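Following: one structure in structure tokens, then a few remarks.
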Amino acid sequence: MENTTSPMYQFCGSDFWDADKTWWTTDPDFTPCFEKTVLVWAPCAFLWLFVLFDVYYLKASFDQNIPWTKLNISKLLINIGLLVITALDLIVALVKKNDISIHAVDIWSPIIKFASFLLTFLFITLNRKYGVQTSGCQFLFWFFLTVLSIPRCRTEVRAEKERGQKLDWTDQEDWEGYQYISFFIFFAFSCVMLLLNCYADSLPRQTKYQRGQNEIPELSASFLSRITYHWFDAMSLKGYRKPLEQEDLWDLRPQDSCKEVMPTFAYHWNKNVRKNYKKPSPSEPNAKFINGKVSFDNPHGERNGRKKGMASIMPAIYKSFGGVFLFGSVMKLITDVLTFAQPQVLSLIIGFVEDYEKDPQPEWKGIMYSVMLFVLAATQTFILAQYFHRMFIVGLRIRTALVSAIYRKALRISNSARKESTVGEIVNLMAVDAQRFMDLTTYLNMLWSAPLQISLALFFLWQQLGPSVLAGLAVMIILIPVNGFIANRIKTYQIRQMKYKDERVKLMNEVLSGIKVLKLYAWEPSFEKQVLDIREKEIATLKSTAYLNASTSFLWSCAPFLVSLVTFATYVLIDENNVLDATKTFVSLSLFNILRFPLTMLPMLITNLVQTQVSVNRINKFLNSEELDPNNVKHDASKPHPMTIENGQFSWGDDDVTLKNINIEVRKNNLVAIVGTVGSGKSSVIQAFLGEMEKISGTVNTVGKLAYVPQQAWIQNATLRDNILFGQEYDRKRYNRVIDACALRADIDILSAGDLTEIGEKGINLSGGQKQRISLARAVYSNADLYLLDDPLSAVDSHVGKHIFEEVIGPKGLLAGKTRVLVTHGITFLPQVDNIYVMKLGEISESGTYNELLKNKGAFADFLIQHLQEGEEEEEELDQIKRQLSNSIDAPELLGTVEKAIKLARSESLSDSISVTSADSLMGSLRRRTKRQESNDSEASAASLKKKQEVEGKLIETEKSQTGGVDFAVYKHYIKSVGVFLAIATLALNFVFQAFQIGSNLWLTKWANDKDVANDTSRRDMYLGVYGAFGFGQVTARYISGLCLALGCLSCSMDVFTKMLNMVFKWPMELFDTTPLGRIISRFSKDIDTVDNTLPTIMQQFLSTCFSVLATIVVISLSTPIFLVVIIPIAILYYFAQRFYVATSRQLMRLESVSRSPIYSHFGETVTGVSTIRAYTVEDRFIEESDAKVDKNQVCKYPSMIANRWLAVRLEMVGNLIILFASLFAVLGGQKNPGLVGLSVSYALQVTQTLNWLVRMTSDIETNIVSVERIKEYGETKQEAAWELEQDKSKPKHWPEEGRVAFENFKVRYREGLDLVLRGVTFNVAGGEKVGIVGRTGAGKSSLTLALFRIIEAAEGRILIDGVDIASLGLHMLRSRLTIIPQDPVLFSGSLRINLDPFDVKTDDEIWRALELSHLKTFVKSLPAGLNHGISEGGENLSVGQRQLVCLARALLRKTKVLVLDEATAAVDLETDDLIQKTIRSEFKGCTVLTIAHRLNTILDSDKVIVLDKGVIKEFSSPTELLDNPKSAFYSMAKDANLI
């Protein structure tokens, strides 16, 4: 009935709402009043409400001035058209008001529409002016306006039909006819506006940042494209066609770059820092901008302002990034509410099906419910994607801000503060702690969202089931501490496993560093066993973890079931009248499913929060630590001298004073030397000039640009040229002068790519001397005014030192016109300096010129004497010193000391005197690994490497970054390693688990549909019992399948590890030379860890998601078989989304991890070289470099995050389609079983999440199975010859019995493709002869011994020992029957006993005797642990001499007929050397001894001497014969060594 008195009737001329017309009918329609008011006003209200966002975007826009295009002109024109038509409506209504009854609505609606259209018109022009290319608010306005006008279309068309049947029209009908026409024009225009708003305007003309070709399409994508991530399609297509490279990626969005993020953060941080001072500081504008640089305030302020507390990063983070975060939180709230709307709609659908039998509802309602379900799900999808996107951006920006803040701080932190933490810890702040924030932001909203979801779910459950919900909740709550307990146990196991892993990796590291020694001694099996023992312990720990993990997953999988069982049981048992029906059952089930997520998340979130809190504290501590005081050094140009310290007292930031009473003045263009014994404070004076030390009192003044050469050269990971230019322009002439002066020319020629050769981190492929010279060249090139040189000559050979002093530092050098301070140990140069300061115990004991100081006979004379006694000088230098002294002064005691020193040096003189190129330069370029710088075996190959510049200076093969998919063979290999039985068992059990689950759900539907249960309790109990039994089956199947998989994976990881270990131990030496240690270690740590921990978890999740997707499809098809028709197109959609995503995402992740490490390594480099960076004042350049590296990482990170959203939107839409069809078919298919319908729709509701997970898991498996691929690759590499052969057993136990060694036309090379090192060597050594082998560096001496042990295999010819060709023996047979005392004494961590006898075959007496003979007995006796004395890594806790003696003891224990003695080049102190020589003469009397000599005097008493030159034997006879012949090469060597 029409209620004509109501106010709405007066307003509209019809009822506002009529339920009979709209709801209780088979032909639903709205009343005209509702259509003209609500359906028009709602979109307008939306526009006015949300226009604030548009205002915000206008303010935030970086750009201006979009050119006029067809698009925005069309928008304007149509908008004007709408304004005209609306104005016309209003005018016509006002004109006709008097003639016919026109209601208020016909006047108000046009006014409201007109105002709204005016607003959109205004924003079209504003957006154009301020460069906003698309507006979400406007798009949604037109969308709602168009959609909500559709019902009125139907009404108008019907009315027009009725009017068309009349012949004559009244005025009233004329008015209605006019409204019909005007409405359709308005409707058409709205549709066009909606269409136009689907596209974005073109690029603005004026932009704040250069918008290049490569800009990210998102910036100019339309709103529609943004919410569907359509703009990302291009990237995923490209990634699918070919693996993506760095060049394919888009530029970073300007608002995420350091340039934009940093100033905001710095502004809030500085404000926060200032708050901490009691003294109010003058208010300050936004973050100070100095040509794009951001300055941070010192949290320690001026020294006078007192500090109240620590400044925290949190407030700065809230204020800088809180806005975006809050916007995200609002989105999260909306999706949470929408989640709970779904079960409500589900109950409507079940109700619809239930009424089908008795009193069927009209079909349109069922369709409407299905569509509602779909719309809810789709809205949720879009909003959730935007929410994650926002959170991710916040995380990225926080990370950018923190990384940059930490970097800037590290450049200013004081030395005392730096001592508190190691470089590694500081780098971790960046790598771990800043990363934590990023991981947390996504989940932070769960803090309020989880409790909200839980309380909403409980509220709706209570409505369904009343108080019995509490029983179910109790089960959930009890499970949380149980899980917590298990998680704690797992954690203790994990810590234990980490400990074993560290031990294992450390041992592997040592073994691989000393692999050459292991091979020479044939000790590999013993060490392999040690590694495997640790590995077994590790696997045992992992097994325990696996049991626990199975029980957690078992608890979580049975949790939902237990909860529903307990709840339903309580519900039906507490009251006879409580009956389960379909609605109650399935609505409750879907609510329980919603409950599961927040309950799992909360405990995880809390642990994450705690970890982040720790991170915040660590970052705060670092950012608040003390900074260097910029006032330590004044720059007062009015002072007479460029560098002075007056009455200086300095400390390193602790209380004790390091330097006191320092008065130094350096006149302009003078060279001043600072000398003194070790630890007297020489370097500290230099640091004081730099302002690195804390000044307690006095003044320091420097005027002019500084250059600084530190004692330990700091080399960047860049090309050699970049290291010297250090950010300056390349000036070829100056550069070449510097290179020659610093004696770098020869080194550069050796490097394969010249000065463009890349230098490894910390200068790993350079020798110490080269690093020092590069560091010096950098200073010289910088062309500064003041030079601080901290002992730059210590690491170079004496003649190079002399050259550098003359060419660079000295009075005639390049720096002659500069002011320079030189710390030095070299006494030879002192007469040429202008002034000398002598340091003693942190004070200046005397100063003056060289001659003045000598006359004083004070500290300087003592220093000279002490220095001479250490005997480090070479002989020619000593002669020079002697001349200088005798010329300058009569000082008999000094001259006496010099004489003694000269004698000492004579005896030590080396046979290999090498030219300026110095062996070390060759070495470094060759061996990229410091630990393996064996001296001589590489020179020959250096020469050949030089010739073959095939690989530009890369000795090390570059690691292959895998691209594309992973071969099926890898999966096959993995499954085979797991074991076929376990693999099949796991699959079968997963299947059984799903079968039980579907069974229990079908049983529930049977129960819910059974009408007799209400009257029959025994029947009810039967249902309950069977339901419980199904549950028990699920739980058991789940637990066992979890265990099977975990144990299978573990047996697999043990298997692949053992294989790989075995293979790597059997690698030939050349492979170790071309593969960097780090890469092998990474296979043994990172990749094995993935196989141990990551793969099993992913496999588990993959299997369970896979089966649950199948289960969903089965259930839906059971209830509505027609669904199978839709499944095929949906599956195809899904497959394509998945393939595109996996290809793109995998490559993006690889690129991201490749671009992430440079941030940290650059930071680590900066922290180590911070004093150099500060001295040259290039902080800004380094900050820019760091920012660029962070931005480059974001460039890779951002698309990989978008790829996730892109996929999520597409997959969830696929899932939403499944929901739509499942519910539509249920409603339309005439399904009479409400239980089944409830089941299939509630399954469909879960499917979106599962599908999403499935793709994630597939892609994770592909990403992580790469580890198996890499391990497999190492298991298939080239192997050396067999260790043991059958025929070895026939050899006598004491073979070789005589020790005859014969070389027959022997040729050998280091690796395929290199030149020969020995070219046809032939000689015979009788049993028991002592033979010395001499030759200049690179003659092939070491190659001879390596060939004897078959470390390098013959290219031609053969070696016979006792007449047996060694190539016919097993390697271990051969190597264990020869003894060697290697050049570098290599020790392994472990007990002393293991280092002497790793196989544990010798008795204690034998070991003690060996120790006695090697003069170690007294030392070992004095150790508390005796033979079990722990030796640290590399034998660090023994002196070099003692290590050499341990090697001698090893030889004595083994004592075979052939001994090879590779003399130590390192100047072992003479005593040790004598001891070794004596012992060898007495103990190895009857043995054949081959000695590779570096000092000629050690082999003068040998039977024969072999003189090698360039791989050929020059001379072979007894030393006396050779010395009698003045033409022999040996004679000239002896002459060089002053032995004749």
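Positions of Cβ are set from backbone N, Cα and C atoms, glycine also.
All annotation found in TrEMBL is predicted automatically rather than curated by experts.
These figures come from a predicted structure and were not determined experimentally.
Segment annotation: TrEMBL labels region 'Disordered' over residues 925-946 (candidates 199-220, 287-308, 925-946, 947-968). For the transmembrane segment (468-486), the partner stretch with the highest count of Cβ pairs under 8 angstroms, out of 177-200, 443-462, 554-574, 586-606, is 554-574. Most Cβ pairs under 8 Å to the domain 'ABC transporter' (1301-1535), among the stretches 326-611, 643-866, 984-1263, belong to 326-611. Sequence-distant contacts of the transmembrane segment (1207-1228) (same chain, six or more residues past either end, CB-CB distance under 8 Å): 227-229, 349, 352-353, 363, 366-367, 369-371, 373-374, 377-378, 381-382, 384-385, 388, 1112, 1116, 1119-1120, 1122-1123, 1126, 1130, 1133-1134, 1137-1138, 1141, 1145, 1237, 1240-1241, 1243-1245, 1247-1249, 1251-1252, 1255. The stretches the transmembrane segment (76-95) and the transmembrane segment (107-127) are in mutual contact, each linked to the other by at least three Cβ pairs under 8 Å (pairs 6 or more apart in sequence).
When Cβ-Cβ distances below 8 Å are used as the criterion, the transmembrane segment (107-127) is approached by residues 36-37, 40-41, 43-44, 47-48, 51, 54, 58, 66, 72, 75-76, 79-80, 82-83, 86-87, 89-90, 93-94, 97, 133, 135, 138, 141, 201 of the same chain, each at least six residues removed from its ends. Note on the coiled coil (864-891): its mean pLDDT in the predicted model is 64.
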